[in-house]
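Written below as structure tokens is the structure these notes are about.
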Amino acid sequence: MVKLNPNWELKNSCNHEQVVFLVTVAVCTVVILALWRTILLRPFKLVTVFLHEASHAIACKLTCGHVEGIQVHADEGGTTQTRGGIYWLILPAGYLGSSFWGMVLILASTNLLTARIAAGCFVAALLIVLCVAKNWTLRGLCIGFVLFLGVVWILQETTKIRILRYIILFIGVMNSLFSVYDIYDDLISRRVHSSDAEKFAEVCPCPCNGVGWGVIWGLISLVFLCGAMYIGLVILS
């Protein structure tokens, strides 16, 4: 019987795998910030929007609602048409869900097996959403990333170009950073009145406006990101 003893205190850490993990996250962050307003990062931003909208759809289905369609737009916006379900759970699921998936992908990148599982699940999700996509931007995104991950997987298994873990990590870091930025941009700095937080403030009985919920959701997203970093180090210790 194998006993697992997680090193939660990170005692005697800083092994090679942990250093590579931290350096890779740092490099991903620098690259993302450097290329933030370039077209090179657009597909990965749209993937974050996809995960945002998919999280709305998942919350809808989990609360017995019906998803009528999902759209992702080239301007990095998106919509999910739902009917039924618990509205006050569906609304925050977008921002918090995309942060959560970012955390999951970062953790999945710590091991090749979990990276393969994450890539497989991601491809399956893209294919499912392709069936309910309502515009060609989302259809193209789904097809493009299925092909992209397929090529990365083939390279991983048949050549010495083994980058699957790093691609999953990059998507996870991108998703975490973009979700925090999106919350700040939509809910705090510009205060978009049609945002999920403003709608949530209208249906939630708590005395908190959209900006307040934006701050709360932003802090939760940062907790997801920091939690992913800490648990990743524990896994690799």
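Just so you know, glycine gets a Cβ as well, placed from its N, Cα and C.
Residues annotated as transmembrane segment in TrEMBL: 20-39, 86-106, 113-130, 136-156, 163-184, 215-236.
Counting only same-chain residues 6+ beyond the ends of the transmembrane segment (136-156), those with a CB under 8 A from a CB of the stretch are 43, 46-47, 50, 70-74, 78, 116, 119, 122-123, 126-127, 129-130, 162-164, 167. Beyond the ends of the transmembrane segment (86-106), by six or more residues, the same chain brings 25, 48, 51-56, 58-60, 62-63, 65, 80, 118, 168-169, 171-180, 182-183, 196-197, 199-200, 203-204, 213, 217, 220-221, 224-225, 227-229, 232 to within a C-beta distance below 8 angstroms of the stretch.
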